[in-house]
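Peer 1: Provided herewith is a single structure, encoded as structure tokens, for subsequent inquiry.
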Amino acid sequence: MNKINIAIDGPAAAGKSTIAKRVAEALSMIYVDTGAMYRAITLAHLEQPETEIDKLVDHIDLKLVNRSGQRIYLNGSDVSDRIREHDVTLNVSRIASIESVRTKLVNLQQNMTANKGVVMDGRDIGTKVIPEAELKVYMVASVEERAERRLIDNRNRGIASTFEELKRDIERRDHLDMTREISPLTKAEDAIEIDTTGKSIEEVTAQIIELAKSAM
């Protein structure tokens, strides 16, 4: 079988990261969570609001480590849990729309996929980061289901939230992601759309694995 890259795009809480991790594990590929990278930059900005974002980005050290599940390090510190907190979630779409931030991270992400064998999820993977990916998937789900998933995830992390609050946050993020000037969330022309509403993790994972095997 030939080595391939798999691009998985879609809106917030569509199940991209959960599915992408499982697909990568099943196919012995490398998983890259680009959303975590943007969240880490957002956290850095929240912690140093007085520093111009362009200067901040130039001096940030980001590392993804696949050890007991992927961990992300910001300037040497493990921020994998901190970047999932509500203040980061509220600000990540705004920070991700800044040109200098996207330029730095897209360059990093493209370097990661140069040797293939990568499953990468995000908002612009199939359209901007690796438009030449052998398999492109665009995952969607209803706003209600995505809010419920995020609610369960927050409970598991000990984060207080309500369904209505999360539904509003997701609708706001959808609008920001789809209307931003730089690399807006959009489906690549040759991407395969999968609606995960009402489907199990196992069902969607199996579907993408079969698509990947056909592309190898």
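Just so you know, glycine gets a Cβ as well, placed from its N, Cα and C.
As annotated in Swiss-Prot:
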- G10, P11, A12, A13, A14, G15, K16, S17, T18: ATP binding site (BINDING)
Peer 1: Just to be sure I understand the packing, how many Cβ atoms besides its own are within 10 Å of the Cβ of G10 (ATP binding site)?
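Peer 2: G10 (ATP binding site): 26 neighbouring Cβ atoms within 10 Å.
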Peer 1: If you count Cβ atoms within 10 Å of the Cβ of K16 (ATP binding site), leaving out that atom itself, what do you get?
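Peer 2: Total other Cβ atoms inside 10 Å, all chains included: 25.
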